[in-house]
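Quick look at what TrEMBL lists:
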type    : residues                                                 : note
BINDING : B:THR48, B:ASP49, B:PHE150, B:ARG167, B:GLN218, B:ASN244 : 5-hydroxyisourate binding site
BINDING : B:THR48, B:ASN244                                        : O2 binding site
BINDING : B:THR48, B:ASP49, B:PHE150, B:ARG167, B:GLN218, B:ASN244 : urate binding site
There are 4 protein chains.
Amino acid sequence: YGKNTIKFLRLHREGKKHFVKEVEVCTHLRLTSAQEYLEGNNSLVIPTDTIKNIVLVLAKKNGIPTLEQFAIDICKHFMTTFCQVAYVKTYVQEVPWQRLHENGVPHVHSFICVPDGIRFCEAEQCRNGPLVVFAGIKDLKLMKTTQSGFEGFYKNEYTTLPERHDRILCGELFCKWSYGECKDFDFDCIWYTNKIRECILEAFAGPPDCGEYSPSYQKTVNSIQMLVLSKVSQVQVIEVILNNTFYNVVDMKNLGLTNDKEVLVPVEAPYGSCACTLGRKKFLEA
Amino acid sequence: YGKNTIKFLRLHREGKKHFVKEVEVCTHLRLTSAQEYLEGNNSLVIPTDTIKNIVLVLAKKNGIPTLEQFAIDICKHFMTTFCQVAYVKTYVQEVPWQRLHENGVPHVHSFICVPDGIRFCEAEQCRNGPLVVFAGIKDLKLMKTTQSGFEGFYKNEYTTLPERHDRILCGELFCKWSYGECKDFDFDCIWYTNKIRECILEAFAGPPDCGEYSPSYQKTVNSIQMLVLSKVSQVQVIEVILNNTFYNVVDMKNLGLTNDKEVLVPVEAPYGSCACTLGRKKFLEA
Amino acid sequence: YGKNTIKFLRLHREGKKHFVKEVEVCTHLRLTSAQEYLEGNNSLVIPTDTIKNIVLVLAKKNGIPTLEQFAIDICKHFMTTFCQVAYVKTYVQEVPWQRLHENGVPHVHSFICVPDGIRFCEAEQCRNGPLVVFAGIKDLKLMKTTQSGFEGFYKNEYTTLPERHDRILCGELFCKWSYGECKDFDFDCIWYTNKIRECILEAFAGPPDCGEYSPSYQKTVNSIQMLVLSKVSQVQVIEVILNNTFYNVVDMKNLGLTNDKEVLVPVEAPYGSCACTLGRKKFLEA
Amino acid sequence: YGKNTIKFLRLHREGKKHFVKEVEVCTHLRLTSAQEYLEGNNSLVIPTDTIKNIVLVLAKKNGIPTLEQFAIDICKHFMTTFCQVAYVKTYVQEVPWQRLHENGVPHVHSFICVPDGIRFCEAEQCRNGPLVVFAGIKDLKLMKTTQSGFEGFYKNEYTTLPERHDRILCGELFCKWSYGECKDFDFDCIWYTNKIRECILEAFAGPPDCGEYSPSYQKTVNSIQMLVLSKVSQVQVIEVILNNTFYNVVDMKNLGLTNDKEVLVPVEAPYGSCACTLGRKKFLEA
């Protein structure tokens with residue numbers, strides 16, 4: 001049980017300059033007891049209202065140095081404060097506020113919401129187990145208008161899809177990686193120095209002057225994983241899900257026109273999905 | 001990988017009387033190969049477009065006798081047709097069309113959408129493993145305006161929640177149960193004869209003339225599970241998630257009024273969540 | 001300016017039997033002044049927080065006898081209390097809670113949310129003008145699987161749609177009617193006695209044993225309007241919008257099958273829309 | 001009647017460099033006839049399927065030079081081709097694809113979706129009337145963490161809101177302006193040269209080093225309108241709606257802490273709304 005979507009804004013001021021971190025937190029607990037389910041005995045139950053208060057107080061006291069550190073702080077607090085907690089998991093996602101700029105000058109206290117991918121993280125711990133930290137980015141919508149195809153696939157009597165060597169590749173990416181057992185990482189430093197987001201975009205798009213041919217969603221997913229694992233040594237395992245939207249070339253023959261992939265219609269349902277989890281030395285697909 | 005939200009309507013006619021089943025199907029596969037990820041070799045990949053075709057063809061050929069049987073048919077088809085499939089999972093959910101009635105007379109071909117809980121099911125199979133079937137109901141929004149409280153809970157310096165013995169209990173239920181290894185069940189017969197939905201409502205609400213006191217969300221979740229397990233012998237394990245919305249009594253003292261729980265405001269975020277999985281003989285909470 | 005989505009629950013008790021009315025209210029005002037926009041002088045501005053308080057206090061004091069009466073009460077309150085209000089409009093929509101029944105017995109305090117059409121109303125008034133009341137129903141999803149076609153339409157070189165005399169008609173209805181200048185109506189009595197909702201369903205579906213042929217969405221919209229106007233004398237004008245979802249018969253020729261309108265796929269975007277406003281004696285289409 | 005959410009992608013290639021314009025179009029017509037409503041006579045009805053075809057063909061033939069020009073082309077086509085059309089309105093909104101950059105180098109064919117405000121436009125014409133063009137931006141979420149207050153407002157017995165001279169101002173902006181009767185404007189030139197979006201952001205935020213005090217949402221709305229009207233001579237009238245989210249400072253006294261506006265919780269419902277339409281020489285508020 002737990003509390004979901006605890007939303008709040010943490011405002012930090014340095015003189016006239018303001019820094020905002022608006023987050024949405026979900027914290028779930030499993031207790032060592034079962035009596036609250038079986039007997040309605042609540043004596044060990046920490047109310048979800050108290051969970052919310054603890055999250056807000058930790059934000060007030062520690063601030064949100066990084067999303068990951070904040071999730072770790074919450075997990076540690078529950079494990080050390082309450083001996084009836086058998087397991088704790090905390091998920092934190094960020095509202096993508098960006099500082100406004102006017103003619104290149106950053107504004108001291110004004111922000112705009114730019115949802116081109118949402119950063120999130122997760123920390124979890126079982127009593128007597130390690131504290132494990134995950135981070136990720138979701139809702140990242142990307143498109144390439146060429147250098148994508150799908151050929152040589154398995155065919156039988158149910159196959160109607162034609163082979164294509166030049167199609168649009170468009171999808172929404174979900175990437176989540178594990179930093180393994182929690183260490184004294186500076187998570188924002190890993191994020192910014194290693195440019196994980198840039199890695200993902202680069203693996204998706206290929207070189208800016210010509211791109212790189214994608215023979216399938218599967219291969220693109222794998223390319224993203226390989227690049228992140230090779231560039232960011234702290235990442236242990238990376239899961240990528242690519243939900244793709246097909247674009248159908250509109251047949252205009254009946255309308256007396258030849259449509260050379262100029263007008264395409266997105267097909268939003270059904271949509272394909274391709275997920276893979278890749279770790280160091282071992283390979284798992286799902 | 002797989003195809004999500006394959007939406008279609010299966011229309012069945014018996015003379016002038018029409019029967020509709022509109023569903024949304026998600027089918028996911030795991031292949032025995034990895035070469036499509038590593039090398040971009042698609043020779044074993046069944047396109048998601050073919051997955052969609054197979055789902056539609058099975059609906060055309062077999063109809064949708066029950067949601068569960070349809071999910072089983074799909075899984076069996078993939079396992080027997082494609083030796084490269086290591087695992088298959090199919091999820092089916094129903095659009096809640098109900099036959100229209102005029103002055104109590106059922107209409108032969110007109111329907112209304114009544115989304116008071118959505119039926120769904122899931123079937124999954126690993127190669128050489130059993131075919132396991134799940135069913136459930138989700139998006140079921142219930143409320144009781146008394147006979148609910150929360151007292152005697154754990155308190156510390158972060159506790160601000162007062163004890164309450166008369167509050168509103170309102171939430172959205174998700175229930176999913178396992179029928180275990182697939183047998184020749186008549187799933188609609190189990191659903192309708194055992195009145196699973198009625199069980200859930202009854203366990204939530206208590207007797208119609210007085211209700212039954214709920215000392216916590218946890219106990220209500222457990223009551224639902226116990227009643228379903230006791231009434232429906234085919235159910236092996238049942239998971240229930242109750243996402244609850246608190247209703248705050250509006251403080252009207254500053255407005256010169258005494259509000260005796262007459263005007264309440266829903267708090268939609270954050271919301272509490274309580275999940276539990278209960279099986280026969282063994283007890284697991286999550 | 002105003003306050004939107006003021007959500008609250010009004011609970012009324014008669015002994016052990018509870019009655020709930022959960023609503024969402026939007027109240028908008030126009031003031032006689034412009035100084036708050038031009039000069040930042042707020043001296044005549046009624047804060048939206050005060051608007052919210054007034055709505056809650058009126059709910060506490062008067063209850064919600066009917067949605068319409070509640071909207072009227074709010075408008076009257078603003079017009080009589082604040083001389084700086086030039087115009088007031090209040091919209092009220094209902095959360096569709098229905099009393100639970102167990103084996104036909106109504107439960108004293110348990111409810112289920114059944115969103116098969118949402119009732120709403122609107123009241124508005126200009127200073128020195130009449131108070132006008134509207135009511136309606138929205139999000140009403142209906143389908144008929146035959147007795148619908150579309151033939152004899154205008155054709156030119158851009159026409160690719162075939163004529164069809166047996167198609168599925170499926171759509172979401174929005175109906176809004178005016179009761180004209182506010183009188184001492186018992187609005188729930190009009191609603192229930194005249195069975196407005198049943199009128200709409202009946203006009204859509206036709207007789208239960210055979211239905212009634214619809215030659216177009218336009219004609220169906222008109223039939224609904226004509227029936228409501230003929231059955232409910234208090235309705236002055238009625239607007240109906242029908243947003244329709246096409247169902248395409250899946251072509252299975254390539255898959256070696258003949259699909260006799262048994263498997264159909266909904267096309268959710270783009271969707272057609274047909275709106276018409278019909279009054280007594282005068283006819284307006286939009 | 002008409003067709004909504006006609007979604008398509010228009011791809012334009014110049015050598016290896018690709019340009020994408022993905023849009024969503026809604027086109028509505030009113031005919032001179034009423035016989036389709038009254039008699040089910042469809043002989044003058046242009047099917048919504050034909051409307052869709054026309055929109056796609058125009059995109060194929062003319063491309064989408066600007067959103068506004070495309071909306072104008074569609075309106076003109078319907079007015080000149082079909083004498084039974086009494087009125088036509090076309091709405092076009094853009095999917096916010098932006099070209100990807102790698103280390104500052106623009107990619108030839110890869111794009112990312114960045115929804116920090118959505119551009120849209122509208123064109124409408126009555127037979128024998130002028131073609132009028134509107135443009136706008138919506139879903140623009142902005143926040144300033146200081147330089148905002150609300151004081152000196154009207155008070156009575158329902159007032160519980162305290163005066164505040166330092167609050168967070170956060171909201172979603174909808175701006176729509178009229179270019180008046182259609183002329184040979186280069187609409188993208190007006191958009192980019194006059195930096196309308198930048199105007200809006202600047203009027204909202206004030207100077208980057210100190211901001212500008214906002215005494216109310218109303219005044220901020222007016223500032224945006226005044227700046228756009230003064231900077232962009234082609235704009236005749238501008239409507240601005242600001243839907244605001246309040247942020248409540250969490251009271252932590254019971255938790256033994258002083259919260260100096262460091263932790264704030266957003267209140268998403270109810271939300272305030274402030275709308276105003278400002279033209280040259282005349283002033284209208286709504």
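Glycine is treated like the rest: Cβ placed from N, Cα and C.
A map of TrEMBL features onto the structure.
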residue	record	Cβ neighbours (10 Å)
B:THR48	5-hydroxyisourate binding site	26
B:ASP49	5-hydroxyisourate binding site	19
B:PHE150	5-hydroxyisourate binding site	22
B:ARG167	5-hydroxyisourate binding site	20
B:GLN218	5-hydroxyisourate binding site	27
B:ASN244	5-hydroxyisourate binding site	19
Assigned conformation of B:ARG167 (5-hydroxyisourate binding site) - DSSP reduced to three states: coil
Assigned element (helix, strand, coil) containing B:ASP49 (5-hydroxyisourate binding site), judged by DSSP: helix
Extent of the 5-hydroxyisourate binding site in Å [max Cα distance among B:THR48, B:ASP49, B:PHE150, B:ARG167, B:GLN218, B:ASN244]: 51
Secondary structure at B:PHE150 (5-hydroxyisourate binding site), reduced by DSSP to three states: strand
